[in-house]
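Colleague: One structure follows; several queries about it will come next.
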Amino acid sequence: MARSFSQLAINAEKQRTSLAVSKKPTDQPELEIHTLGNSALRQSAKRISKVDKNIRDLVKKMLHSMYAAKGIGLAAPQIGSQQQLLVIDLDIENSATPPIILINPEITEFSATIDTYEEGCLSIPGVYLDVIRPSSIKVNFRDEMGRPKKINADGLLARCIQHEMDHLNGVLFVDRAINEEALNKELKEHGFKKKDVLRLCSD
């Protein structure tokens, strides 16, 4: 996955944000992260019409909460805000690498090649399952100042963006898990209910 981290470093430098916050984990997330079974995770997020101080304040709180939970990505619906907003940082141990903020993201192109990789989610803690996704994507979005941006992402960055964008449509990674037997085992082991999963693929 070295290539994806290299791509992240290049893209992050281009998308450098003024909203970078301390990456040092705190004992308590600033915002509650909803977990599987909460209806907020199944709602569709709305486009943000105005990028203002309120949005930037929300971004900071999301970043603090993501770092507190030791995650690499967080979508606004996960904290109960139905807005098209993502924060991503694949290198949370490196204070010099800035996070990426994506507002109203749109994937304009998917690669024909696909990869299978294990995913997890702050909204389904402890559960890890294989998911198939396109290996690279092109994304249009706006940054925290409302400026239009583009990213050509591959590897882990592409997967993370797709995972977080699913949240904007009320979709969770467990819905896409390719092995139902493994899904059932993981859910039971970590105290989640199968009825809260909306299967989008079959074995």
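Backbone N, Cα and C atoms are what each Cβ position is placed from, and that goes for glycine too.
Quick paste of what Swiss-Prot says about this protein:
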type: BINDING; residues: CYS121, HIS163, HIS167; note: Fe cation binding site
type: ACT_SITE; residues: GLU164; note: active site
Colleague: Excluding CYS121, HIS163, HIS167, which residues of the same chain place their Cβ within 8 Å of the centroid of the Cβ atoms of the recorded Fe cation site?
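Modeller: In sequence order, the nearby non-listed residues are GLY73, ALA75, GLN78, GLU119, LEU122, SER123, GLU164, ASP166, LEU172, PHE173.
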Colleague: Note down the number of other Cβ atoms within 10 Å of the Cβ of HIS167 (Fe cation binding site), including every protein chain shown.
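Modeller: Other Cβ atoms found within 10 Å: 24.
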Colleague: Applying a 10 Å Cβ distance cut-off over all chains shown, what neighbour count does HIS163 (Fe cation binding site) have?
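Modeller: HIS163 (Fe cation binding site): 23 neighbouring Cβ atoms within 10 Å.
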Colleague: Given GLU164 (active site) and CYS121 (Fe cation binding site), what distance in Å do their CA atoms have, once rounded to a whole number?
Modeller: 9
Colleague: Mind giving me a neighbour count for CYS121 (Fe cation binding site)? Other Cβ atoms within 10 Å of its Cβ, every protein chain shown.
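Modeller: Step by step: centre on the Cβ of CYS121 (Fe cation binding site), count other Cβ atoms within 10 Å, giving 26.
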